[in-house]
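S.K.: Here it is, the structure, as structure tokens.
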Amino acid sequence: MDYLSLSLTMIFVLIALFLSKSFKAGVEKDMIIATIRAAVQLLIIGYVLSLIFRGDHPVFILLMVLLMLAVAAQNVIKRKKNTIGSFWRVFAALAIVEIVTQGILLSLHIIPLTARYVIPISGMVIGNSMVLSSLFLNRLNSEVGVRKEEIQLILSLGGTPKQSIQRILTSAMKMSMIPTLESQKTLGLVQLPGMMTGQILAGADPIQAVRFQLLIVFTTMASAALTCVILSVLTYPSLFTVHQQLKQNE
């Protein structure tokens, strides 16, 4: 696709702007900002990746992954609803998930240690974990607020902080994983995933594209569960005081 063809796809943005204006949705400004940011960010990352792919040095790969982790963690904690999250807890959770998934893929020689493989797969894993982290923390924050009396009752009966919040953590984990699981159930029937579509458009054999897509599906499923479990372990102690009481501002 050349830049002329790409510019013609702006028709879809104009359609969205027209509909927003017609129905008084009031999101025209957000659409314009989102479009400009997406175009600029993707073009910049495209040129950066071209340089990294040419160098293909582990240090450049590591720096790129660290940047993705930092941006993802910041995006999660900047949401006002995630009041019980912190940058370093989220960053640590995302980093652990990345280390585990990439460690397995590289140690079993499923993918080679090259930028062309590690960076795109890391982006998908971190992106999926970022969404899961946001959903999990939102759900946990809301559940703690609604079930505060239940937590305090269990604590008053001699229960530990972990016991008082275990059911809430389980519920938050289940609800935050539902979108990922439901999306995976319809792969190939309702939607063709991004990596598979991209490879097919680039001329790859469809079966080869399916293999890589299944790699992503299995990896994101594991990363989803890992993200929730690690965030549970790292986050729940922050809800309680040193005297094992629920913090009043939660």
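Every residue gets a Cβ built from N, Cα and C, even glycine.
The transmembrane segment annotation in Swiss-Prot covers 3-23, 32-52, 57-77, 91-111, 117-137, 214-234 and rests on sequence analysis.
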S.K.: May I ask for the residues of the chain that lie six or more residues beyond the transmembrane segment (3-23) and have a Cβ under 8 Å from a Cβ within it?
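M.R.: For the transmembrane segment (3-23), the sequence-distant neighbours (Cβ-Cβ under 8 Å, at least 6 residues beyond its ends) are 31-32, 35.
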S.K.: Quick check for me: are there 3+ Cβ pairs below 8 Å between the transmembrane segment (214-234) and the transmembrane segment (57-77), leaving out pairs under 6 residues apart?
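M.R.: By the criterion, they do not touch.
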